[in-house]
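What follows is a short report on a single structure.
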Amino acid sequence: MDILNDISIAAPEALLIGVALIGVLLGATFKQSFNGLSRLLGALALAGAAFLAASQSAVDASTAFNGLYKVTPFIAIAKAVSYGVGAIALLVAGGYLHRENMNKFEYTLLVMFGSAGMGVMLSANNLMTLYMGIETLSLSSYVLAAFNRDSRRSAEAGLKYFVLGALASGLLLFGCSLVYGYTGFASFEQIAAADQSIGLTFGLVLILMALSFKASAAPFHVWTPDVYEGAPTPVVTFFSTAPKLATVAVLANIMFTVFGVYEESWMLIIAIVSAISMLVGAFGGLAQNNIKRLLAYSSIANVGYALMGVAAGEVNGAASVLTYMTIYVITTLGMFGIVLAMRRRDGQVEEISDLNGLSTSRPGLAVAMTVLVFSVAGIPPMAGFLGKWVVFEAALKSELYWLVAVGVIGSVVSLGYYLRLIWAMWAKTSDEEALEPADGMVSVSIYGATILAFPVLVIWIGWMTGIIGTAAAAG
């Protein structure tokens, strides 16, 4: 039957939605006794969805639901990485949620529904499917940002994110309406084959602006530092990894497949957004003392580097974007694991000064942080350097020499705040009590990410790059 075939194509999202709905029933029935089990159930569902998505990367492109839904090898890999990282982000949240009186089963359900939204927007083959997926992710994210009801900062973060996110959603809907109005089609294939027009160009620009907001690209980044600082740390761990990769992958996929004929127009726009993001992220982070705000500016800069691959266009650009974002989210997961591990008996700490003397009190954590910082900064021979090399190479092949120069400048400037973290850990001393031991899953995420970023083991990137390159070429 066609419906069974359609569901098999959308199997990862069907699994997530099905388990989430079962979770709603179990949570309503067993209430508090289901809180801890819900995270394990959600993580298993996300891991299962990642496995199903990975299995789809080896098959040809396929569509479902009368062309509303499409899966290609490129999309399947983006889904697999997003779901896998989301599962880890859910597991590391347990200790924090328990200590902060946030251990509610609704947290897991919101992450699962948001992850299902990621999958829908990645597989969208129609304007309305795209909008539905993005809004499913966004609505879950707004609630997650304000999930700590006892924190004024969390409520403020959720409100800011909601208000500005609603504006971006309006831009997206307006852009979609312009594209539909000037082409008469909502299907991506039909839009790609439609005649060019000025109205379609305006619609493209509005869609690009909305997706840039969702990805935290400058100059649409203003919500990011405040939300990262105010939202609970496990929520920010999720925000900064899985949805970030999914949004950038969606942007790349739409630009390459739907608006490919407008390449000369949007390549310049994305190149400018990339340059602004790299510079804003580099210079904005210099003045930060809060680690979460610093990592917010780091994420803005790193989205700029990923968009360099989008601006490069074609297959090399698509492969470089997904390679870079995969390395970035793994490294970021480890860094936020360290932020989760930064707690004393009186609660969480998240200032740079709280890292003072870490090399003496917690040498293993200091070494891990050093490796991860060097990786996200792009210092050779860490994994992050190879990620930047891939996007720089793609930009050079497209003769975007000025953009590569901006990227180099941004990388050098951003070393200023990355090295502040290293200096605090290794050169300063502290009279404060030592940090408490990290939770088990937090330690696993920290040292797992450190191992993947370590020079001896970056050979996995060559294997991954080959797979992603093949997937990008196939679809």
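We count from 1, first residue shown onward.
Glycine too: its Cβ is placed from the backbone N, Cα and C atoms.
Taken from Swiss-Prot as is:
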TRANSMEM  7-27  transmembrane segment
TRANSMEM  40-60  transmembrane segment
TRANSMEM  74-94  transmembrane segment
TRANSMEM  105-125  transmembrane segment
TRANSMEM  161-181  transmembrane segment
TRANSMEM  191-211  transmembrane segment
TRANSMEM  242-262  transmembrane segment
TRANSMEM  266-286  transmembrane segment
TRANSMEM  321-341  transmembrane segment
TRANSMEM  365-385  transmembrane segment
TRANSMEM  399-419  transmembrane segment
TRANSMEM  448-468  transmembrane segment
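Highest Cβ pair count under 8 Å relative to the transmembrane segment (399-419), across stretches 40-60, 266-286, 321-341: 266-286. Across the candidate stretches 7-27, 40-60, 161-181, 266-286, the maximum count of CB pairs under 8 A to the transmembrane segment (74-94) is reached by 40-60. Ranked by number of Cβ pairs under 8 Å to the transmembrane segment (266-286), the listed stretches 161-181, 191-211, 321-341 are led by 191-211. Non-local neighbours of the transmembrane segment (191-211) in the same chain are 127, 134, 168-169, 171-172, 174-179, 181-185, 220, 247, 250-251, 254-255, 257-262, 265-266, 269-270, 273; each lies 6+ residues outside the stretch with a CB under 8 Å from one of its CB atoms.
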